[in-house]
Structures are given as structure tokens and as C-alpha cells.
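All remarks here apply to the structure that follows.
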Amino acid sequence: MFFRAYAKINISLDVVGKREDDYHLLEMIMQRIELYDILEVTKNKTGINIKCNKSYVPLDERNLVYKAAKLFLDTYNLKGGVDFNIIKNIPVSAGLAGGSSDAATTLLAMRELYNIDVSDDELCKLGLKIGADVPYCIKGGTALCEGIGEKVTNLKGFKGHILVLVKPKFGVSTKEVYKSLDINKIYRHPNTEGLIKAVENNDLRYVSENMRNVLENVTLKKHTIIKEIKEKMIRSGALGSMMSGSGPSVFGFFDDMLKAQRCYEYFKSKYNDVYITRTI
């Protein structure tokens with residue numbers, strides 16, 4: 001059986017507090033995009049086996065697919081195992097939830113493969129044990145995510161909007177970005193309520209002009225190239241441009257495919273991981 005594991009972008013990312021265990025409390029609007037990994041999943045009699053088309057992806061218990069499969073088998077006391085063949089298209093350490101989406105898709109695939117009667121909400125609780133973005137990746141679409149990311153409220157779809165996505169030639173550690181964030185020095189928060197209304201009204205211009213990610217300045221201090229990519233996107237005709245998640249991926253929304261294509265071609269001459277895609 002084949003399953004798609006979709007990437008996400010952030011339309012907004014705000015940090016509104018911090019728990020005693022040092023996890024940050026978030027308020028984010030997440031959006032699924034048409035960039036995906038493919039998971040080929042097959043039952044076997046014993047063990048979890050992983051293959052992948054990218055050599056840098058670990059094939060053992062460090063892989064979130066492995067963790068998700070093991071968690072599912074253990075939780076429901078299932079005998080047997082599963083083989084995975086991962087076709088990796090989403091860049092790693094990019095702020096696009098590639099690993100979390102693979103884990104979420106693994107849980108959904110295991111439910112189908114083993115015919116277990118378990119709701120999406122129950123899968124989300126399992127997924128949270130793997131990572132804070134996994135519950136959103138199970139539900140997908142357009143959503144407001146709160147808490148550490150586990151409270152997912154689906155919004156009316158913000159579908160079909162063109163974006164150009166660029167991942168620079170380095171990765172970023174989410175943990176390190178949050179560690180470097182001083183929540184007392186966040187002077188400009190996103191207007192999450194206004195963005196929710198704009199998303200639900202399908203108002204691309206308002207969304208593009210008012211997107212905000214409070215982690216951007218943290219990552220920018222170490223990687224000024226992010227600012228340069230954003231500025232070039234705007235000059236290329238993007239309605240707005242922002243870093244996704246903890247970075248370093250940057251995206252820009254376009255209302256003109258020709259402008260988007262030209263922007264794509266410019267960045268493709270400089271970077272490997274460049275995409276024209278859409279919100280879904």
C-alpha cells in the first residue's frame with residue numbers, strides 16, 4: 001500500500017508562554033502543501049524494516065517512522081511487523097515537518113494495514129508521544145494549533161494558492177532555535193485572530209501581507225541569507241514571504257503563475273531544494 005506524507009508551512013507562528021518543563025506554548029496556523037514523501041507499507045511476520053532513497057536518512061530506531069510503527073504495534077499488542085520503503089522528497093531539518101508527517105502517515109497506514117478501530121483523535125494522542133507536529137500532520141489541511149502543538153482546530157480550507165519554496169543549503173535544529181528565543185523580547189506578535197478570518201475568507205493578499213513568525217529573527221541572526229531570499233521573492237512578485245517553522249525554508253505566495261515560475265527558475269539556479277507548489 002502507498003501513502004502520501006505531506007509537508008506543511010506556517011502561515012503564522014507565535015510563542016505565547018513557556019511551561020515549567022521548558023516547552024514553549026504556541027499559537028500557530030499550519031497549512032498543508034502539495035509536496036510529499038511517499039511511504040510504501042507492507043505487512044511482514046516480524047520486525048520493522050526501513051528502506052529509503054536518501055542515504056542520510058537513518059533506517060533504525062532513530063527514524064520517526066520506526067518509532068511510530070513500534071509505538072502502534074506495542075500500544076495495540078499486535079504480533080507481526082511491517083516493511084517501509086520511503087521515497088523522501090521533503091527536505092529534512094527544514095521547518096516543513098517532513099519527519100513528523102512521515103510519523104503521522106505511519107500511524108494512519110498502520111491503522112489501515114492492521115484494521116484497528118481507532119479514531120484520529122486517539123492517533124493524535126499517540127502521535128504527540130513522537131513529536132508536537134504529529135497531531136497536526138494526522139489531521140492536515142488548514143488548522144490552528146495551540147499548546148505545544150497538540151490542540152488542533154481545523155479551519156476552512158485555504159486551498160489552491162501558489163507558492164515558491166526555497167530551502168537553503170543547511171539545516172536548522174528546532175531545539176536550538178527555541179533555546180535561543182527570549183520570549184520577553186518578542187516585540188511584534190502575529191494577529192492570529194485576523195489571520196484566521198482571512199484564511200477562512202480565502203483572502204490571499206491579507207494573509208500574505210500579515211504573515212508573521214516570531215522564530216524568524218532568531219534564525220536570521222545566524223543565517224542572514226534567509227532575509228536575502230525573502231527580499232528576492234518580494235522583488236520577484238510574491239505578495240508576501242516568510243520563513244516556515246524554525247527554518248530555514250522560506251516561502252512566498254504568488255497570485256501569478258508566470259511570476260512564480262520566474263522566481264522558481266532564479267532560485268533553482270542557486271539551490272537544490274526549490275519547489276513550486278500549492279496549498280491543499
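Heads up, the Cβ atoms here are built off N, Cα and C, so glycines get one too.
Following the DSSP three-state reduction, the secondary structure of K8 (active site) is strand. Here Swiss-Prot flags K8 (among others) as active site.
Look at D133 (active site): DSSP puts it in coil. What Swiss-Prot lists as active site is D133 (among others), and the listing cites sequence analysis.
Here Swiss-Prot flags P91, V92, S93, A94, G95, L96, A97, G98, G99, S100, S101 as ATP binding site, drawing on sequence analysis. Taking Cβ-Cβ distances under 8 Å and a sequence gap of 6 or more within the same chain, the neighbours of P91 (ATP binding site) are G98, K167, S249, D273.
With all protein chains in the displayed structure included, the most crowded Cβ environment within 10 Å among the binding-site residues G95, G99 is that of G95.
If you take the CA of K8 (active site) and look 10 A around it, the binding-site residues you hit from G95, A97, G99, S101 are G95, A97, S101. Residues near D133 (active site) in space but far in sequence (CB under 8 A, at least 6 apart, same chain), listed by position: K8, M30, A97, S100, S101, G149. Same-chain neighbours of the ATP site beyond P91, V92, S93, A94, G95, L96, A97, G98, G99, S100, S101, judged by a C-beta within 8 angstroms of the site's C-beta center, are, in sequence order, A7, I90, G245.
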